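Features reported for this protein in TrEMBL:
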COMPBIAS  118-127  compositional bias 'Basic residues'
REGION    118-145  region 'Disordered'
TRANSMEM  23-44  transmembrane segment
TRANSMEM  56-77  transmembrane segment
TRANSMEM  83-104  transmembrane segment
TRANSMEM  167-188  transmembrane segment
TRANSMEM  238-262  transmembrane segment
TRANSMEM  274-297  transmembrane segment
Amino acid sequence: MFSYIFQTLTTSTASEPSWRVQLSGVMGSTSLACWIVLLMPQLIEQWRLKSAEGIAIGFISIWFLGDVFNLIGALWAGLLPEVIFLAVWFCIADSLMIVSYFYYTKIYPKRHAHHNHHHHKKQKKHSQGQAGQDEGSPLLTTSRSRRSSTLTDIALEPEYHSVFIKYVLPILFVVACGALGFFISGPSIGDGDDVELPGDDSDETIKLGPQIMGYCSALLYLGARIPQIIQNHQRKSVHGLSLLFFLFSTLGNLTYAGQILFFRSDAKYILLNLSWLLGSLGTILEDSFIFLQFYIYRDNDSESPLEITP
């Protein structure tokens, strides 16, 4: 989706004021940092809950197809190795998400049920053997269990204890890494009288095939959220979804759109990149619906992801 503009920013200079190009570069680098870690919060959430019921299979499947079209377009256009590597990483991360989904919906429940059956037998024998213990022992066991439960709750469910640690700190870290990455490895920006900008009349023409792949990718990204929004509405719950995942998505799309708009602002350039802008802004709009669902259904997630009996 962003392959063309990334190629432009890494291979050309600009006649726009240097502060705009610098800001565009920082936004682009921040956007890339968001895309790299985008799926990690959702994968961690599914591992923590040992469940993938919150994510819609239609969402991750359509998203995967969008990344496949993005990779095909990048290869077809012969873009930079960095762009192709990132497109490959997206496909790998999507594959991990799909594998995680099928593991926690198909394989894990069967293994967990088998484990619980044997655990119940052992617990029954253990309770029979402990029948002769004094009355103070159960109280001590209960106290220790409650203390352990509280510590485990803090470790595995930080959202109940610190919004800063759960959301603000990761976002600040990604933004800092993006900005630092730009200033460390970004190309130097000069006044540049020799300028070759996208959309100018030059010997290099835009290939139709990669452009078609880009449009298909953008449409798939836009359509991917719809199954998730529908599932959240049907379940009246967002339990199992990572809010940080959608925060990274929104930040990535905002900085991506800002990267394009700050790089150049003439009508020809904006028109050339209109499909990418519409894709990013449209995705932000759909993510806004999901944020609204997080707010509406915030009290509906009554079932605890971790059950510890005293």
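In case you wondered, yes, glycine gets a Cβ from its N, Cα and C as well.
Keep in mind the model is a prediction, meaning the values are calculated, not measured.
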Chain residues outside the transmembrane segment (167-188) and at least six past its termini with a C-beta under 8 angstroms from it:
10, 13, 25-26, 28-34, 37, 41, 243-244, 247-248, 251, 255
Mind checking which residues of the chain, 6+ beyond the ends of the transmembrane segment (274-297), have their Cβ under 8 Å from one of its Cβ atoms?
1-2, 4-5, 214-215, 217-219, 221-222, 225-226, 228-229, 232-233, 236-238, 241, 243, 246, 249-250, 253-254, 256-257, 260-261
Sort out the residues at least 6 away from either end of the transmembrane segment (23-44), same chain, that have Cβ-Cβ distances under 8 Å to it, and list them.
2, 5-6, 9, 55, 86, 89-90, 93-94, 96-97, 100, 170, 174-175, 177-179, 181-183, 186, 189, 241-242, 244-245, 248-249, 251-253, 255-256, 258-260, 262-263
